[in-house]
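Working notes, structure below.
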Amino acid sequence: MDADDTGPVSYDEAKDSRHGVAAEHPTKPDTPQKLTGPTWKYVAGKTLREFLGDDCLQLAAGLTYYLVLALFPALLAILSILGLVGQSQQTVETVTGIITDLGGTSIADTLRPTLMQLAQNSSAGWAFVIGLLVALWSASGYVVAFGKAMNRIYEKGEGRPIWKLRPLMLLVTLVAVILVVIAALILVVSGPVAQAVGGAIGFGSGALLVWQIAKWPVLLIIVIALVALLYHATPNVRQPKVKWISLGSVFAIVVWVLASAAFAFYIANFSNYAKTYGSLAGVIIFLLWLWITNIALLLGAELNAEIERGRQLQGGIRAEEDIQLPPRETTTLDKAERKNAKDARRARALRKTRGESAQPTRND
């Protein structure tokens with residue numbers, strides 16, 4: 001008998017697209033090294049097809065809109081926290097320097113005045129606390145939108161009620177902001193600042209050299225953790241172990257760095273945005289860069305989803321049509337299903353009575 005008809009796995013948990021087998025089912029490969037060559041080949045091709053099939057370019061455009069709305073509240077929160085240790089303005093200079101290297105001078109020049117103003121306007125006391133909470137709430141809008149895009153990639157509906165979802169997304173935003181603050185402090189403690197700090201605590205030139213080299217792997221780990229956090233916490237899907245999600249995170253970061261460098265090269269040598277958009281050229285370039293960033297993030301998410309599909313297929317689980325991962329919660333989905341069933345009964349009553357009544361009968 002064909003393995004596709006029986007299979008080594010019980011499929012009682014996967015009777016429809018809203019359910020799935022356990023995230024770590026025993027028949028699935030437990031390390032990336034155990035995925036076969038044909039599986040990796042299938043994953044690569046399927047990732048690209050699903051990326052296009054899920055309209056990820058359009059999803060990235062929508063995410064860019066939410067990112068623009070969330071970006072400056074998030075930056076305000078980050079700079080407010082850094083202002084407590086007196087490093088907000090130094091951070092602005094460091095970050096804009098990195099943006100210049102990645103995305104070109106146009107993007108950095110567009111951001112610098114606003115960032116400096118945010119750094120100078122950071123407050124203290126209750127005003128700081130209230131401002132920080134408002135900024136985090138505003139910034140969480142992007143995280144919510146990203147979760148909806150992730151649900152589309154995994155073909156799951158949002159089953160968590162709003163009173164659970166928004167606090168969770170706010171917590172994810174807070175953790176993301178803390179990670180960015182740590183990364184910013186690591187960036188700031190370099191060059192003359194690192195020498196001053198090292199001299200104050202008795203570190204020699206050798207220790208400072210080690211720090212200058214070691215900080216980059218640490219920053220990379222923080223960025224990977226930030227992307228993995230979005231991949232793991234935002235969708236209504238019980239994800240596999242972090243080691244699997246990290247693959248897509250690393251891939252997204254590599255794609256983002258390469259795409260940013262290529263975009264900066266294009267802007268510097270071939271584009272005529274200044275002639276076309278005039279004084280708005282910097283803003284347009286910045287928006288395009290954010291769009292590229294979201295494209296890279298969604299591409300990494302698609303890779304994670306298809307790696308999971310490949311694991312399931314190699315483990316004998318029927319994942320040809322749907323990735324068999326269980327949802328975190330189905331409360332709102334069940335509620336919507338009941339409402340749809342009620343609407344269907346009323347619609348049948350209208351049809352049968354030719355519009356005289358929408359009251360369902362017992363037979364409906």
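Keep in mind that glycine also has a Cβ here, set from the backbone N, Cα and C atoms.
Caution: TrEMBL annotation is automatic and unverified by curators.
Annotated compositional bias 'Basic and acidic residues' per TrEMBL: 12-28 (among others), in sequence order.
The compositional bias 'Basic and acidic residues' annotation in TrEMBL covers 331-346 (among others). Tertiary proximity for the compositional bias 'Basic and acidic residues' (331-346) is limited to same-chain residues at least six positions away from its ends with a CB under 8 Å from its CB atoms, namely 18, 157-161, 358-360, 364.
The region 'Disordered' annotation in TrEMBL covers 1-35 (among others).
The feature region 'Disordered' is assigned by TrEMBL to 321-364 (among others). Shown for the region 'Disordered' (321-364): DSSP residue counts in helix, strand and coil, namely 22 helix, 0 strand, 22 coil.
What TrEMBL lists as transmembrane segment is 63-85 (among others).
Per TrEMBL, transmembrane segment is recorded for 124-147 (among others).
Per TrEMBL, transmembrane segment is recorded for 168-189 (among others).
Residues annotated as transmembrane segment in TrEMBL: 209-232 (among others).
The annotation transmembrane segment is assigned in TrEMBL to 244-268 (among others).
Positions annotated as transmembrane segment by TrEMBL: 280-301 (among others). Residues 47, 51, 56-57, 59-61, 63-64, 67-68, 71, 103-104, 106-107, 109-111, 146, 149-150, 153, 227, 230-231, 248-249, 251-253, 255-256, 259-260, 263, 267, 273-274 of the same chain sit 6 or more residues outside the transmembrane segment (280-301) yet have a Cβ under 8 Å from a Cβ within it.
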